[in-house]
Amino acid sequence: MTKQFAVVGNPIEHSRSPELHHAFAAKTGIDLHYQKILSPLDGFEQTVKQFFGQGGSGLNITVPFKEQAFALCDVLTERAKIAKAVNTLWMENGKLHGDNTDGQGLVVALQAQGWNLQDARILILGAGGATRGVIYPLAQAGVKQIVIANRTLARAEQLIADVQPFVADVQLKALDLNQLNGEFDIIVNATSASLSGDHLQLPQSLTFDAAYEMAYGKDSSFIAEAKARQIPYAEGFSMLVGQAIEAFAIWNGERPNLEDFI
Ligand code: ATR
């Protein structure tokens with residue numbers, strides 16, 4: 001029987017998840033159908049219940065429902081608990097399970113570039129939900145230091161206080177976005193600045209060997225800076241594929257190769 005999957009969000013029409021999951025299905029020979037569901041802003045729980053009530057196998061959750069999905073789950077993975085957000089749902093023994101595969105999506109995207117994460121020093125710009133979700137998977141991948149730089153310094157400090165107990169071996173540090181400095185292996189832009197077309201200033205006192213922009217399909221000043229410095233860079237499509245592969249693996253027990261899809 002064809003397994004049913006979907007991604008739930010609002011808005012949802014731009015989502016590329018159906019094409020990715022259908023491509024993975026074609027590669028692995030799994031019989032599935034994956035659709036987009038536009039949930040009313042005040043009807044998320046109802047949308048989830050209806051989907052699983054009709055025998056659906058798994059849901060991906062996107063903006064703005066990841067925190068609500070987290071709150072709905074009976075069982076959560078460790079990384080979802082730390083992220084406080086869920087992007088992957090499934091039912092098991094009558095219980096709603098939730099995971100967050102976004103962070104691992106970033107890890108595999110960075111590794112696919114050939115960028116070494118073992119003992120790496122990483123600078124992340126931004127201290128919102130996107131950053132929260134990647135700390136634990138980066139720690140698991142062996143990074144040594146993560147500096148979180150944010151426009152609102154207190155938010156970076158709070159995030160670090162929240163997650164440090166879960167990543168005891170990683171050195172975490174907060175920095176003011178206006179006082180960027182230091183030497184890093186990889187810089188990751190997790191701010192929403194590029195989505196709104198805002199400019200991020202990266203001073204010469206800040207050096208890095210590789211740059212990853214979490215957003216994709218946008219002309220960001222962050223990527224322009226990486227180009228000007230002639231260092232390797234990549235954009236968020238590979239992270240999107242990475243998180244989709246992780247969700248696919250949870251649901252279907254098979255893990256397609258990232259390199260085949262980016
Ligand atoms: P997400 O869940 O995508 O991380 P978020 O929680 O709204 O979204 O967080 C957005 C992040 O982008 C925050 O770190 C925000 O900085 P503040 O905490 O100071 O608000 C950052 N951000 C958004 N617009 C920015 C801009 N123009 N310049 C710098 N940082 C920006």
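Just so you know, glycine gets a Cβ as well, placed from its N, Cα and C.
The record from TrEMBL ties Ser15, Arg16, Ser17, Asn87, Asp102, Tyr212, Gln243 to shikimate, and of the options Thr47, Thr62, Thr131, Thr152 it ties Thr62 to that site too. Residue pair Tyr212 (shikimate binding site) / Glu78 (NADP(+) binding site) shows a Cα separation of 25 Å. Taking the binding-site residues Glu78, Asp102 in turn, the residue surrounded by the fewest other Cβ atoms inside 10 Å of its Cβ turns out to be Glu78. Taking a C-beta cut-off of under 8 Å and a sequence gap of six or more, Gln243 (shikimate binding site) has these contacts in its own chain: Asn87, Thr101, Asp102, Gln104, Gly105. All protein chains considered, the CB of Ser15 (shikimate binding site) has 20 other CB atoms within 10 Å.
Among the binding-site residues Ala127, Gly129, Asn150, Thr152, Ala154, the residue whose Cα lies closest in space to that of Thr62 (shikimate binding site) is Gly129.
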